[in-house]
Amino acid sequence: MDILNALVAFLNFVFIPAAAYGAQLALGALGVTLIYAILRFSNFAHGDTMAFGTAITILVTWGLQSLGISLGPLPTALLALPFGIAATALLVLGTDRAVYRFYRAQKAAPIIFVMASVGVMFVMNGLTRLLIGVDEQRFDDGARFIIAVRDFREWSGLVEGLALRSTQALTVVVTVIVCAALFWFLNRTKSGKAMRAYSDNEDLALLSGIDPERVVRLTWIIAAGLMTIAGVLYGLDKSFRPFNYFQILLPIFAAAIVGGLGNPVGAIAGGFLVAFSEVAVTYPWVKVAGYLFPDWQPGGLLQLLGTEYKFAVSFVILIVVLLFRPTGLFRGKSV
Amino acid sequence: MSDQDAVFGKRGNRDLSVVNPNGRGTIDGTRRSGPVRQGHAGDPFLIGENMTGGYGKGADILHDCTIAVERGQIAVIVGPNGAGKSTAMKAIFGMLNLRKGSVRLDGRDITALNPQDRVKAGMGFVPQVNNIFPSMTVEENLEMGAFIRKDDIRRTMEQVYDLFPAVAAKRRQAAGELSGGQRQQVAVGRALMTQPSVLMLDEPTAGVSPIVMDELFDRIIAIARGGLPVLMVEQNAKQAMMIADKAYVLVQGANAHTGTGHELMQNDEVRRTFLGG
Amino acid sequence: MSSNRQAAASSPWRAPVLFAILAALFVLEGTVRNGMFSGSWNTSLAILNMGLISAITALGVNMQWGYAGLFNTGVVGFLAIGGLAPVLVSLPPVEGAWAAGGPRLILSLLVGLGTLALARIVYGRTRKVWTVALVLLVGLVAYRWLFDPAVTAIEANDPARTGNIGGLGLPILLSWLVGGAFAAAAAWAVGKVALGLRSDYLAIATLGIGEIIVAVMRNEDWLARGVKNIAAIPRPVPYETELQQNPAFADFAAGWGFGVAEASGIWVKLCYMSLFLVVLLVIILLAELALKSPWGRMMRAIRDNETAAEAMGKDVTARHLQVFVLGSAVIGVAGAMMITLDGLLAPTSFNPLRYTFLIWVMVIVGGSGNNWGSVLGAVLIWFLWIKAEVWGPNLIGVLVGPLPDGDIKAHLLGSAPHMRFIAMGLVLLMVLRFAPRGLVPEK
């Protein structure tokens, strides 16, 4: 039974949280990687745009809740999500029109786009603050657990409990659906292929009759969807604090780069790699070890790094991967 | 060059974690097309007439340059390095600002159209370099060529594969993995997929081996004999003139000699200066 | 797009005039009391002092960006690590801390660094990943075995008041140099890795190291008490209370028509200002001299044509590393100065938006590549940043005045201070678009 207990503890404290976090990072990294592949810069406003989309979704959620509309066991935020995506899409399209398009027409160096995205980051940050303030907000409702610790103990007879929060399951399910839809779109539809063509060779795409501005608009809309979904899932799973959304930029960038910037498969793999390493390195393994090796009395918690240093983990993974594979795990655009 | 580029683009930043230089374009895709006007009576099928202009705000590269191609013919542009051959092609395709002159296709004046709309108007263009989508399969490359078409493209694709059997065998392979000659074939095939009414090739044989070059020339002749007018820039002046119905010798962005390929081959001055005796 | 093309050759009066306008703003802040200005010299000088520190930070960033195009997104980290220096150098030693675990702590840190170096050597010799992993694992275990008890012992030493390793009791001005050295060391480590890769990954690497440095300072209580903060950092200038008790100073203040409390504040701030100005001018002088030296010419050659410079045998990566380390050292000095000015090290205050990206706004608004531009941009943007917190609500107050009282009005008024983020973003975007060369263009 001890092995089973160890397994359950591992699932409960490492696997499930890391899978949910990895899914959120993967969605975020997909957005970064798409913008990098097609608009050719790393969007520093990514985290703050995620926060904006989430803030809109939260406001709509509150509105729906006050009208007494709910989704039963599912969080109301799912119902509000389309509004959040639409608002974010409008915002990023507006930003593109007002800011980036000018530089695109000039064929300006990509670093200018990066600088502009810093300006956009400030504006989005301010907008989010205006909308919802800087405080922590919780907006999950519906059923909290799919598997509750006590039920699991009674059912299995194990000492260790297993909890699966509905937001965690929801995160993974939504991510799988979104990723499948995105890959279908990119590989099977004409518009998706046009996006890949534009990413490969901008001029030739144009010479094939692909309207570059349409590709760019499509990219922003998809990115807005990915950002808002990632932000809402992260907020449902943990909580919404605008500053956390700024900080999540580092693991998201790390995930995108580790996977190979510009490569969507890489972004997903990178997201999960970063998340699993982060959780595994900061988890105190003493409990799992106690089940596996009952006779061993380790001195400490068997925790490689304190949870405060989880950002260090994404950084170290990033460096290690780049040292051995400069183009990322999956060949990215940054060869 | 814009002010932004002068300040930001030239600082030596090469940080690939924030910028992606791969596949960057040079053509402004945000420019909108102007109106299409009536062409002149008795025009050749495609003509760029009295073209004068250069890139951006830079100095003029073309000076009163005229290039034309008739239905069912091959026209070639030859000339020394830096004579503005590729520039003339790009001017016809709307990739630089013409200060003077006009471009007319099939009885319409398309001078004001942007490159995207010229594709829709029936022009097909194969650039000299970066003329494939390297990470996409051969088949996807061809599909992208047919992007503007709404009808069934399978027949055209089969025709392209018949024309280039070597790439047909590799249709599921990424185009970037092919050899230089095969890439060139994919590039031409992509342009044919549009079912253009005129095909423009910018040095299609640059950087390929002599055997592959001969094969490519054969294919180009086959395309032209199929009824599609071909306008191309060529480095290998001798071979080009041999297959050309019409040849233009450019020097410093202006027409120096014009005639059938045969005529120019006979012209002493042309022979001496460009064909090596 | 000639309509927004900035004149390449700008008037030689441009910079002096702009600096004069800037000075006028500070004079207004010091003398006029209305909806826009406070009319207090204390406020005015406080903004100026922090502005000068921002200016030095901006100079550091400008060296990296202006001379080599390096995009440093971890400014906050280099400021923070510089800020550690006053604590470790100038604070009086903590009684018993060294005896509790000092030597063991030092040893553990050496073991940690040694492990990394050894891993690097082993990898260079054998190219076997598993051997390296083994070295790292053994090293990590040894490090933790040494480190953890030492830290526990130090932190157990009077945790309510200290619990940290303490300082050396050396002069505070010395700590400014040490702060630069700390930041330079951190920059060397980051740059060595990030610039040595096949292509640069400096932006993401600095973003990471910035977060890590701040996280270390927040959580390693033995170092600088973490979030419990360190206060009462020694000063290079007199204390206000000392001045107030000095009758000679009271007379002096009365002579100028100031109350003694106000005058003491102004005097202290003027002392700081002079110190900061000296540092600023020395750094600008050195930077300008360096730029005119053969080394600077080489840097410009590399910047203008990297390929050609490489072909001529210049080691571009090594030059970039040099500039990166130098720029970070300047940022580190600024960090130490900032902590000295505040007299307080509060790791939670290190916010990347404020300490990294706002500095970037300063550099770009001032003029990429121009040292005086960076100074002007830094002081101006800092002034606006502080004043926007006041102006925003005033402006909103006027705008929503006609609205009926209610939730919306309250919300708008409450969130008005956040307007400055939007304002700064817009300033950056406007400058990028319409005056990309900045206020004082590069020559």
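Each position is counted from 1, following the chain as shown.
Just so you know, glycine gets a Cβ as well, placed from its N, Cα and C.
No curator has checked TrEMBL annotations; they are predicted automatically.
Quick caveat, the model's predicted, so the values are computed rather than measured.
For reference, TrEMBL has these:
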- C:43-61: transmembrane segment (TRANSMEM)
- C:68-89: transmembrane segment (TRANSMEM)
- C:101-122: transmembrane segment (TRANSMEM)
- C:129-147: transmembrane segment (TRANSMEM)
- C:167-189: transmembrane segment (TRANSMEM)
- C:201-218: transmembrane segment (TRANSMEM)
- C:266-291: transmembrane segment (TRANSMEM)
- C:323-345: transmembrane segment (TRANSMEM)
- C:357-385: transmembrane segment (TRANSMEM)
- C:421-440: transmembrane segment (TRANSMEM)
The transmembrane segment (C:101-122) touching the transmembrane segment (C:201-218) per 3+ Cβ pairs under 8 Å rule: no
Selected stretch (most C-beta pairs under 8 A with the transmembrane segment (C:129-147)) from C:43-61, C:68-89, C:101-122, C:323-345, C:421-440: C:101-122
Within-chain partners of the transmembrane segment (C:101-122) [C-beta distance under 8 Å, separation at least 6 from its ends]: 128, 131-132, 135-136, 138-140, 142-143, 146-147, 149-154, 165, 222
Beyond the flanks of the transmembrane segment (C:68-89) by at least 6 residues, Cβ under 8 Å: 57, 60-61, 164-165, 167-168, 170, 172, 174-176, 178-183, 186-187, 190, 200, 202-214, 217, 223-224, 230, 233-234, 299, 302-303, 319-320, 323-324, 327-328, 331-336, 338-340, 345, 347, 350-352, 354-357, 359-360
Sequence-remote partners of the transmembrane segment (C:167-189) [C-beta within less than 8 Å, at least six residues beyond its ends]: 77-79, 81-94, 209, 213, 233-236, 275, 279, 321, 324-333, 335-337, 340
Chain residues in Cβ proximity to the transmembrane segment (C:266-291) (below 8 Å; excluding those fewer than six residues from its ends, i.e. six or more beyond): 41-42, 45-46, 48-49, 52-53, 55-56, 59, 63, 67, 173, 176, 236-240, 243, 249, 258, 299-300, 330, 333, 337, 341, 371-372, 375
